[in-house]
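Listed in TrEMBL for this protein:
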TRANSMEM  51-67  transmembrane segment
TRANSMEM  76-97  transmembrane segment
TRANSMEM  103-124  transmembrane segment
TRANSMEM  136-154  transmembrane segment
TRANSMEM  195-214  transmembrane segment
TRANSMEM  226-246  transmembrane segment
TRANSMEM  283-302  transmembrane segment
COMPBIAS  305-335  compositional bias 'Basic and acidic residues'
REGION    305-361  region 'Disordered'
COMPBIAS  352-361  compositional bias 'Polar residues'
Amino acid sequence: MKMMGFKEFWTKKTLVGLALGQFLSLLITSTGFSSSELAKKGINAPTSQSFLNYCLLAIVYGSIVLYRKQPLKAKWYYYIALGVVDVEANFLVVKAYQYTSITSVMLLDCWAIPSVMLLTWLFLSTKYRYKKITGVVICVAGLVMVVFSDVHAGDRSGGSNPRKGDALVIAGATLYAVSNVSEEYLVKNADRVELMSMLGIFGALISAIQISVLERNELKSIQWSAGAALPFVGFSLAMFLFYSFVPVLLKINGSTMLNLSLLTSDMWAVLIRIFAYHEKVDWMYFVAFAAVSVGLVVYSSGDKDDQNRADVADEDAERSKHLDEEACSGNRDRSLISGTTKPEPRTKHNFESSNSSAVVV
């Protein structure tokens, strides 16, 4: 088997996918730190935090949609369903921290990756070859190392209700997978700006209803100050950028690459703790970070093989078209020479020749 060369691997698509994936991972890391600051101040309102992000999406991208004055490319009720799934996915995972440990959340959140692969295989006809599956396994193995390093670092508490918390994480991860796959389909078949505007509008409406039911008293009890408002604003801006660039990565590399890239968010958080807070961490974190990075590289390298296969298929189709045109031209010339417009009898030999281009070798 021919080894992949350096220039063949480092394609523009691969580099953009890796860089954008890590940018999104850093944004998720920043939202985690914002949420932890709010938790330290006794503020527990996950839906309210997401509400500001949905409002920004609705205002920015909704204005562009209104300016275009074009009809929607996808049915509006698809966006309502996506809004419900997205809002509840965010809510369930954040809620799980009240019942189970951080270790359990980190480990069970990986359920989104096989869920995405299954859904894209079933509904988007995505084919995962050996190289991509290998990359996924390496990434997950790296994250498992982080989890085990957390275990002996002190996170041994199971939470107030581990079973309930674990169930919430699995449900949230499944909804994340449904949301990512739905966004991948819509961004490839509809429009990115339309997707963001509709998700913002319906996400804001659904969040407002949920806030009025579940978080109304929590918001009333908050003592608003600069220390409480800044994490809220920082969280919303980071989420707005995250939601804005997610469709770009989905269109380039797909939802599986997105979820694999987000695995490094925990490792970025570790690096921030080391350099910003001068904390000591276990050596397994660095090995895990390297493993996830290698897994991303291996997964991305499969895109080059897929592109080569697509190019070969296009060349075969073009060659077949050219042969058909030559065959038709030859038949017309023979008819003119014989002085008649009667078509040449279609013998078994001619039938096989004219259809030989349909055979894929």
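Our numbering is plain: 1 for the first residue shown, then up by one each step along the chain.
A Cβ is built for glycine as well, from the same backbone N, Cα and C atoms used for every other residue.
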| task | Quickly jot the same-chain residues contacting the transmembrane segment (283-302) by Cβ under 8 Å, restricted to those at least six beyond its ends, or write none. | result | 4, 9, 14, 17-18, 21, 129, 131-132, 134-143, 145-146, 148-149, 253, 256-257, 260-261, 263-264, 267, 270
| message | Short question: most Cβ pairs under 8 Å with the transmembrane segment (226-246), which of 51-67, 76-97, 195-214? | response | 51-67
| request: Give residue numbers and ranges for long-range contacts of the transmembrane segment (51-67): same chain, 6 or more residues beyond its ends, CB-CB under 8 A. | output: 87, 193-194, 196-197, 199-201, 203-204, 207-208, 211, 232-233, 235-237, 239-240, 243-244
